[in-house]
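Asks: Found this in TrEMBL, in case it helps:
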- Asp219: active site, charge relay system (ACT_SITE)
- His250: active site, charge relay system (ACT_SITE)
- Ser416: active site, charge relay system (ACT_SITE)
- 58-131: domain 'Membrane-bound transcription factor site-1 protease-like N-terminal' (DOMAIN)
- 210-469: domain 'Peptidase S8/S53' (DOMAIN)
- 490-618: domain 'MBTPS1 third' (DOMAIN)
- 619-890: domain 'MBTPS1 fourth' (DOMAIN)
- 1-27: signal peptide (SIGNAL)
Amino acid sequence: MVASRSPFANYFLLVLVSFCLLRFGDRINYETLTLTLPRTNTTAVSDVNDVVDREPARRNYIVRFVEYKDAEDHRAYLQGKIGLDGWEWIERRNPAAKFPTDFGVVAIDDSVRTALIEEFERLELVKDVSADLSYSRSVLAEGDDRVGAFADGKKRPGKIFSSMSYSEGECYATAISNSTISWNRQLLMQRYQVTSFFGARGLWEKGYTGAKVKMAIFDTGIRANHPHFRNIKERTNWTNEDTLNDNLGHGTFVAGVIAGQYDECLGFAPDTEIYAFRVFTDAQVSYTSWFLDAFNYAIATNMDVLNLSIGGPDYLDLPFVEKVWELTANNIIMVSAIGNDGPLYGTLNNPADQSDVIGVGGIDYGDHIASFSSRGMSTWEIPHGYGRVKPDVVAYGREIMGSSISANCKSLSGTSVASPVVAGVVCLLVSVIPEHDRKNILNPASMKQALVEGAAKLPDANMYEQGAGRVHLLESYEILKSYQPRASIFPSILDYMDCPYSWPFCRQPLYAGAMPVIFNATILNGMGVLGYVESPPTWHPSDEEGNLLSIRFTYSEVIWPWTGYLALHMQIKEEAALFSGEIEGNVTVKIYSPPAQGEKNVRRSTCVLQLKLKVVPTPPRSKRVLWDQFHSIKYPPGYIPRDSLDVRNDILDWHGDHLHTNFHIMFNMLRDAGYYVETLGSPLTCFDAHQYGTLLLVDLEDEYFKEEIQKLRDDVINTGLGLAVFAEWYNVDTMVKMRFFDDNTRSWWTPVTGGANIPALNDLLAPFGIAFGDKILNGDFSIDGEHSRYASGTDIVRFPAGGYVHAFPFMDSSESAATQNVLLTSGMAKADSPILGLLELGEGRIAVYGDSNCLDSSHMVTHCYWLLRKILDFTSGNIKDPVLFSTSVRRAAALYQDDNQLPSRRTDVDFSTYSAVVGKELICRSDSRFEVWGTKGYSLHVRGRNRRLPGYPAIDLGRGLNSTVETSYLKQPQWTQNNKGEHSGNNIFGLLYRDEVID
């Protein structure tokens, strides 16, 4: 069995595959010109009827293999095994062609696509087949008007990527006199050398200048013989354009920040060897296959550091993501920009959001987080887990001076500028270590340890804005001088008293009876690319009061490449329901790695995470609000459209829809108002309604289990739970109109649902006689002097008699209302549309509102926090605002629309692909109370101490599940065996995320 196999067997397999790449050949120091086959970039459209005939009949796909071979061998294998016609091998003529490869590109006819892909994936040596995605970015958008992947509601060619940097101006200088034109001299003097802020000269004077460090710059290329650079070793082109030059200026600028030698815009490591990988065309487009070849070439030619100033929200492009893992596993230190989608939260870009990559955010010269810099947390782990801390570090990214194409200096701003600042720092630090000892000491984990441990924490930013803080070159230098391989945890401390750095944890203390608070830390293993958790993590309280805290852990069994995760699920025990105070202590976890080359003993290290927690007595039920995270679906993997259709340049809902991402301002407001807000990432059967005043449902896209619908009805009517719903638009005709052909995936993209899943919400609300319609309403309105904007919200079409309903005259902008709108613009009066309803039903209270944009900080026009507070006063405390409950808006008769007129589900979308409900098992996961982990949740009708969950003591549902869990258990490590042989990266992939639980 695999479980009994020695972990060293896996290690040696990994080492064998990873280091066999080093046999590919000696370093190449000549320029290589690449011309690959052209691809058709079909213009994105919003009107489907005009372009149906323009869909290409053949699409390109990446076929990944389980081992490296010459491309011709892979081609012969496929041709010998595939009996179907309708496909063609695409020859890739680029510098990587001389080395073995692990993938091929094939063109497949649409008419036989499904059958051929199935045939390919049945082959023993084929790992998988995926679309050849393309990457598109805007590198030089002027000012704050940055352009992303969408413009005016239409998809630009390429994969969805954020804007990278924007221009601040150019300072012209002569190449021989080092003088600037007089009218620009003052401007130049105001822009400081970024190297001086980090004390780079101190290392230069010690003789460290980046010598013999191989720096790969993945960008738009660089001009040959550029006078700002003394050490351009190689330029390679991976695009379908016949040039090696940089015609945009971004690649040249990045190289200048890293290694420029010109006095007016010095780089950090002027003696660094520059390897310019031109992976973007002049139109700023690239393909996954281009990146895969370029990454393979970087591995084969033994690059030391790689800068990638690109990023986007698609962390599910597995060929790309896994190749980054393989790249870092081969000891290449990757630095990448975290993104320019700030100040919004939940906007981290990939690959900078990967734990093995150094993700860089931007600050200004006043040490304030730059407004453009993307914020955390990572959203991979939602809904059942909690995001990791990113960025890792921040660096100056506003008005940074660098080289221009014309051999002058210019300034740019953006995280794609901050990224090469850190990459330059890394190159300088690499050169500090003697060349013969570098690979023994330096790796992606040890370099990240030096950066985060040496960083200076900024006083006015939280961990999801700044990571460890501003890079401190000299402190990191001191750490590396005496570095010994070890493992560590980042962040190394969680302090509830340290605000704002520990936001959101410092904003809401712990208390008994709450959902587990999850803190997700990263394990950095500088001892080796592969590591293991030797024994379960352990909680060591500093005093007796620390025993009031119960912690369960989920973590990586296998730490690869170089990193893993450690998540703490923290609950306060029932006996602390009245406790107020602080709990301190340490969590320790022991890590080991196999011996390094030439060593005999296993490397071991103990990681420590310090906890300083604040605990308060359990709040009253009326002050506790539960946020439903489970039923939220975000991009990726599906086309989840934006909530406000007025926003034309950001059409995807990708910010996480979490309390601590794009709803973080709302979270802070609720805390200021005295509410305690908890998160539920499991079905509605997994919480005890007796404990909460209101269940808050905002902008939800998923379906509901029938057990959830039944339980919620009982929770409201019989248990007195308040229910507050903020819906969104849903109109099938509009969704069809929004589909577009995407040259990324060579397929039509169709919205999976609307802004919210109204048919599913209507099923959930049906027991209460409430339903939403399919109008898309826009307009301004006011209630009691509070003005708000209704932005692409829906209408209420069913509501019981006796309820209170507010209606306003709005324009319906849905496709199905197009004819009506023509008449309205001709002078017909707009009809009032119901948008807000309030109802008392049984023991509970319900409030429904048709728009969530006023709570979502992503594209908010005006907020409606005032309305949310009034709603919660009603649903949780039965406090009725006299205006909201005016007799003039009380319904004498029920508002009713026939079933056949209610919004219907799409029949042309396989919703199970994106849903956590459809085709899935109802189960309470690790975000739930410990008592119900692994069960279906709380019975609909059980009361008192008469229900026993497997593996747990009897619990008192009537008392709110605050009982102490005494049972402790540890699952034995389980190893995943692949069905067919795979290269090292993918063997490890099956082992990365295995939950281990202790109490």
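A Cβ is built for glycine as well, from the same backbone N, Cα and C atoms used for every other residue.
I'd like these features described in context: how deep, what's nearby, how far apart.
Replies: Asp219 (active site, charge relay system) has a Cβ environment of 27 other Cβ atoms inside 10 Å.
Using a 10 Å Cβ-Cβ cutoff, His250 (active site, charge relay system) registers 27 neighbours.
Note on the domain 'MBTPS1 third' (490-618): mean pLDDT across this stretch is 97.
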Asks: In angstrom units, rounded to an integer, how far apart are the Cα atoms of Ser416 (active site, charge relay system) and His250 (active site, charge relay system)?
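Replies: That comes out at 9 Å between the alpha carbons.
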Asks: Could you break down the residues of the domain 'Membrane-bound transcription factor site-1 protease-like N-terminal' (58-131) into DSSP helix, strand and coil, giving a count for each?
Replies: 27 helix, 31 strand, 16 coil
Asks: Among the recorded stretches 210-469, 490-618, 619-890, which has the greatest number of Cβ pairs closer than 8 Å to the domain 'Membrane-bound transcription factor site-1 protease-like N-terminal' (58-131)?
Replies: 210-469
Asks: Between Asp219 (active site, charge relay system) and His250 (active site, charge relay system), find the distance joining the two CA atoms and give it rounded to the nearest Å.
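Replies: Between the alpha carbons of Asp219 (active site, charge relay system) and His250 (active site, charge relay system) there are 7 Å.
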Asks: Count the other Cβ atoms sitting within 10 Å of the Cβ of Ser416 (active site, charge relay system), across every protein chain shown.
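Replies: Counting Cβ neighbours of Ser416 (active site, charge relay system) within 10 Å gives 32.
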